[in-house]
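Read through the structure below, which is laid out as C-alpha cells, and then see the notes.
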Amino acid sequence: MAERLLQASRQRRVKAMTAAAGSAGQAAVPLLLCALLAPGGAYVLDDSDGLGREFDGIGAVSGGGATSRLLVNYPEPYRSQILDYLFKPNFGASLHILKVEIGGDGQTTDGTEPSHMHYELDENYFRGYEWWLMKEAKKRNPNITLMGLPWSFPGWLGKGFNWPYVNLQLTAYYVVTWIVGAKHYHDLDIDYIGIWNERAFDINYIKVLRRMLNYQGLQQVKIIASDNLWEPISASMLLDSELLKVIDVIGAHYPGTHTVKDARLTGKKLWSSEDFSTLNSDVGAGCWGRILNQNYINGYMTATIAWNLVASYYEQLPYGRCGLMTAQEPWSGHYVVEAPIWIAAHTTQFTQPGWYYLKTVGHLEKGGSYVALTDGLGNLTIIIETMSHKHSMCIRPLLPYFNVSQQFATFILKGSFSEIPELQVWYTKLGKPSERFLFKQLDSLWLLDSGGRFTLDLQEDGLLTLTTLSTGSKGSHPLPPRSQPFPRVYKDDFNVDYPFFSEAPNFADQTGVFEYFMNIEDPGEHRFTLRQVLNQRPITWAADAFNTISIIGDYKWSNLTVKCDVYIETPEKGGVFIAGRVNKGGILIRSARGVFFWIFANGIYRVTGDLAGWIIYTSGHADVTAKKWYTLTLTINGGFSSGTLNGKPLWKNVSVNFPKNGWAAIGTHSFEFAQFDNFRVEAIH
C-alpha cells in the first residue's frame, strides 16, 4: 500500500514543497511547511493504541414534512442534476444516508405527506414521492443507507384517539407494511426504522415492532430510538435489558454536539439523527461544518443527519431554504447548489460508513477542531474546521460563546500513518466574497522527507480536508436557467391518464391530502379530477387545521382571479372553498388568513377572512347541493373582492384589507371527500 501511494504521489508531484492555491492568490494559502517558523499547537494522529468508534455516515432528511414537494415536477435535465449534487459519489454532497418520512397524512412542518394506508383496508405503495426519491438515491449510490420514520399517522390507527399506541400490534403492522412494500414494489431495502418523530415512545411498542420485524424475516432492519432527546430513552434502556437489546442506535435531535452519560453507558451507537435546520447561507454552512466534526469530538456521535435534504417547498413556508441546497422553482428549472453541499463533501467524499475515527481527535488551541478517520487499509482522511461563533450558529440549540483566531497547527502522523508520502488537499473558506472558496483542490502536500510532520496556517472560517484518497472531485453541471416567478397565468385540468406521482404539480397540501382521481362513472369533462381523500383527522404531529387546504402559486400575489370547478361529495354537511392571499402554511396553517370563498351542500355561501371561518365578511343563500359540479370564481383587487357561481355574481365589492398578498388555495370544510377540476389562476401583479 505504502509503495503504491509513493508511486502515485511521485507521478502527481508538481511542486514538491509548496501548497499555494495557484490562481487563488496568497490569501487562500492555508498551508505552510516551515514548522520552525511557526509556533503553535502540535497534534498527533496515531493508531498505535487502537481506533475510536466506527463511522456511520453523513446524511439528510426528506420529509417532516413535504420538504421535497416541488422537486418531483422539475423538468429534466435539471431534476437529475439536483439529484446528482445530492447523491452521486465523488460529485457533490455524496450523502451516505437518506432518511425519509413515512407519510402519515398529517401536517409535519411544510405540508402533509400521504400515507400508504389512508384507510384500514387500503394499501398503495405509489403515493407521494419518497419511494421515487429513495430509488433515485440508490441509482446513484447503491450503498446508501435508507431510514424511515413516522411523524404523523393515519387516523384509523388511533381508534378515535390522537395517539398511535392504542393498538401496538396494529401500529407495528402499519410500519412493517411500509418496509415490506418498499422491498416488494420498489426493491428498496430499508436499513433503519424509527419510532415517532420528536414525540413520546412506548417501550412495549418498540419491543412489539422488533418481534414483528423478526417474524416477517426482517432481522436485518435495525431500530433507532427515539428521535427526540437523549433522555428518557437512554435511562429506560439501562433499566430494561430487553429494550436495550432491541434498540440498535440512539438517535437524538439537535444535540448541540453533546451527549449524556446514560447514552454512553448503553454502549450503543449514538447518532445526531436530525440536525442543522438552518438557512443555507454561509452561516448555515459554518454551522454544518462545525457540527460534522464536533458531534463526534464532543458527543461521540458517529452519524449526523441534516434536516433537510433539499429546500423544495415554497420559501415563505416555515424554515424556508433550510435545506443543503435550494430547488424551489420547478416552473423555471432554477436551483442553487448552496455552500452546505460542499461542506458535506469535505467529509463524505473522503470517508465511507465502516471507516473508523482515530482516538486522536479534538479541539485546536485557538478554536476549531480536527477529526481523522481511516479505512484500516492505510488510507487516512483529516478534516479540520475553524468556524467562528458568529458564522456557525445553528438555528438551535443556543451556542455558548467561543473564540477562534488565526493559528499555526502542526500535525504529526504516527503509527501506520508515519510513512504516508502525500496528502491531497481540499479547502473551503467562508466569508468575504474576495476570499471565499468552496471545496477547492489545492496542490498536494508532500511528506516524504518530513518525518510525518506538517504545519498549517489556519485562517478563521475555514474547512480543510487532507487525505490519501485521490478520488474527490467538485462535480458540476451547466448552470440552470435563471430564477423566474411562478407563472402569472396558471391552469391545470388534472387530465392525466396514468399519473407518475399521486399529487398534481405545484399544489402543496397543508392539511388533508389531494390526489389525482378518476371518476369511472363520469364519461364527461370531469372524468379526471383532483380529490381530497381523507375522511378523518390523522393522528397529528403538529396543529393541522380543521379544514383541508392545498396552496399554490406566488406568495407575492395580491390582485388575482381564482377559478375552479368544485364537487361536494357529502350531502347536507359538506363544503368546499377557493381562496386567495393565503398568508400562512406549514405548522402555522391553522391561523392562516386570506380571502376564502365557501359553498356548502346545505345551500349556503360564505366569504371569510380566515381558514378557520371566524372572520365572516359576508354570507347568504346559494343554489348549491352535494354531488353536482359548480364553477366558483373569486376576484380580489386592491381592497375589494367579488365572487361568482356558475358565472353569475353571488357577492361583490366586499372589503378585504388584510392580508395584502399570499398564495391561492383550494380546500374543504372538514375531513371529507370533495373534488376539484379545471383550476385556473390569473394574477394581475
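Cβ atoms here come from the backbone N, Cα and C positions, even for glycine.
Annotation source TrEMBL lists domain 'Glycosyl hydrolase family 59 catalytic' at 55-349. Across all of the domain 'Glycosyl hydrolase family 59 catalytic' (55-349), the predicted model scores a mean pLDDT of 98.
Annotated active site, proton donor/acceptor per TrEMBL: E198, in sequence order. Annotation for E198 (active site, proton donor/acceptor): spatial neighbours D227, N228, H253, W541, criterion Cβ-Cβ under 8 Å with sequence separation of six or more.
Within 10 Å of the C-beta of E274 (active site, nucleophile) there are 25 other C-beta atoms, taking all protein chains into account. Taken from TrEMBL, the feature active site, nucleophile applies to E274.
Sequence annotations record features per position, and here TrEMBL assigns domain 'Glycosyl hydrolase family 59 central' to 357-472. Taking DSSP states H, G and I as helix and E and B as strand, the domain 'Glycosyl hydrolase family 59 central' (357-472) has 6 helix, 53 strand, 57 coil.
Feature annotation from TrEMBL assigns domain 'Glycosyl hydrolase family 59 C-terminal lectin' to 509-683.
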